[in-house]
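According to TrEMBL, the protein has these features:
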type     : residues                                               : note
ACT_SITE : GLU326                                                 : active site, proton acceptor
ACT_SITE : HIS327                                                 : active site, proton acceptor
BINDING  : TYR129, GLN190, ASN213                                 : NAD(+) binding site
BINDING  : SER236, GLN258, HIS261, HIS327, ASP360, GLU414, HIS419 : substrate binding site
BINDING  : GLN258, HIS261, ASP360, HIS419                         : Zn(2+) binding site
Amino acid sequence: MNRLDTSSPDFDAAFARLLADRDSDTARVDAPVTEILAAIRRDGDAALCEFTRRFDRMAITPDRLRITDAEIDAACAEVSLSLHAALDVAATRIESFHRAQLPDDLRYVDAQGVTLGMRWTPLDAVGLYVPGGTAAYPSSVLMNAVPARVAGVRRLAMCVPTPDGVLNPLVLAAARRAGVSEIYRVGGAQAVGAMAYGTKTIAPVDRVVGPGNAYVAEAKRQVFGRVGIDSIAGPSEIVIVAADANDPRALALDLLAQAEHDPMAQAVLITPDAALAQAVQDAVEAELKTLPRAQIARASWDAHGAIITVRTLDEAVELVNRIAPEHLELVMDNPQPVFDKVRHAGAIFLGRYCPEAIGDYVGGPNHVLPTSSTARFASGLSVFDFLKRTTFIDANADSLRTIGPAAVALARAEGLDAHAMSVSIRLEDLTRGSGKA
Ligand SMILES: NC(=O)c1ccc[n+]([C@@H]2O[C@H](COP(=O)([O-])OP(=O)(O)OC[C@H]3O[C@@H](n4cnc5c(N)ncnc54)[C@H](O)[C@@H]3O)[C@@H](O)[C@H]2O)c1
Ligand SMILES: N[C@H](CO)Cc1c[nH]c[nH+]1
Ligand SMILES: [Zn+2]
């Protein structure tokens, strides 16, 4: 874990190293992901089965890639009523938040009499990546699928790794709850490649969305252009800005809640209170003695974790904006003034009673969020990732007379005569009064 202090003379260099260390991790997976994607393009299902054998330790043939309806039925029957009820609480809250995002079409007539507009239409086919390498993520099934359904996407194809061939019943129950039935037991870069390029078994989709480890995130980056993607939602991150009286153990658990996702996850505490900084550091060490996923959390905390002491909360905000974290907790008496100044974060959790884990499961907003500082320009998954806009223009004869000459002038200036003439021929027809255009 890195201890940093903004009043120390070497702070800038240490902070720059902290920002850079995630980039070097990502660079490490570039080449293997390129090879995996090339093999999927070349060999389709055969490569998918081979990578699944190698990385998920399971022998599989193409006819077994798709999880059957009978397997989904059996999984749903295995899940307890209380867990079905918890899924329902989560799904209902996620659905109502995403339904509120649905945009209206735009249509108006401007001063020149031109009708202008923009129409939203759902994508035809979307690939949902649900992570499953070291933990199962039923919550990510809901976060992916519910907004897609709300947007009206027709085909939802879901990929989830099943390491050692073990299906997680709650993942399948969440898929059933969200209305997803096309599910493949494959993960990693190979699953992203299969959804993007298509194989004999998995028809290609138009956009691949969802979170995953560094391999998944890099694969999405590399297939972008062939298909759309939502954002780079890689290994989890949290920055906690804490001030005033706080329970160090609660803050330690908030940090570890992200660290336990992945050895490449990053958890950072920023505080003006040096005593609190030390107390949280001690509490993290204490929790790591008993946490079931301590091995993963320890690797993340030691390599990427940080505690930064600052002189003021304004300094904390400046660091937050430079990190642009996936998650930001503002744990203090009155978080509003800090909240107002934050420009870059995927999702923000305000006050003492809203730990980030609430957002992971039942808050309502999406937990698939941009990582690796991409919150500078990207946003969390939403209904907008499953919709696209088409603009339209409807000009009548009078409006063409008004705005057409400017188009002719600009087309001539660009040296594009066919453009100019396609407008001027209509203007000439109107002048002659033929009205045929
Ligand atoms: N940013 C977000 O919104 C968000 C949300 C939920 C989870 N997450 C992240 O999702 C990730 C889940 O990770 P996970 O590993 O448990 O599951 P995962 O499904 O993302 O990855 C498992 C797959 O990784 C591939 N893989 C593993 N080692 C490999 C190697 N050496 N070479 C090639 N491929 C390899 C395998 O194909 C395996 O199936 C975590 O990083 C977690 O932080 C992010
Ligand atoms: N914190 C993760 C996003 O980075 C989402 C998640 C799912 N389950 C638990 N957590
Ligand atoms: Zn989490």
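Going from the start of the chain as shown, residues are counted 1 onward.
Quick reminder: no glycine exception, Cβ is built from N, Cα and C everywhere.
What TrEMBL annotates, mapped onto the structure for a quick look.
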| residue | record | DSSP class |
| --- | --- | --- |
| TYR129 | NAD(+) binding site | strand |
| GLN190 | NAD(+) binding site | helix |
| ASN213 | NAD(+) binding site | coil |
| SER236 | substrate binding site | coil |
| GLN258 | substrate binding site | helix |
| GLU326 | active site, proton acceptor | coil |
| ASP360 | substrate binding site | helix |
| GLU414 | substrate binding site | coil |
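In sequence order, SER139, ALA257, HIS367 are the residues near ASP360 (substrate binding site), counting only same-chain partners six or more apart with C-beta under 8 A. For GLU414 (substrate binding site), the number of other Cβ atoms no farther than 10 Å from its own Cβ, over all displayed protein chains, is 10. Checking the binding-site residues GLN258, ASP360, HIS419 against ligand 1 with a 6 Å cutoff on the Cβ atom leaves no residue at all. Across the structure, GLN190 (NAD(+) binding site) and GLU326 (active site, proton acceptor) are spaced 25 Å apart at their Cα atoms. Each of the recorded positions HIS261, HIS327, HIS419 was scored by other CB atoms within 10 A of its CB, and the lowest score goes to HIS419. Sequence-distant neighbours of GLU326 (active site, proton acceptor) (same chain, six or more apart, CB under 8 Å from its CB) are ALA233, SER236, GLU237, ILE238, ALA345, GLY346, ALA347, LEU369, PRO370, THR371, ALA375, listed in sequence order.
Close contacts with ligand 3, defined as a Cβ under 6 Å from any of its atoms, occur at none of the binding-site residues GLN190, ASN213, HIS419.
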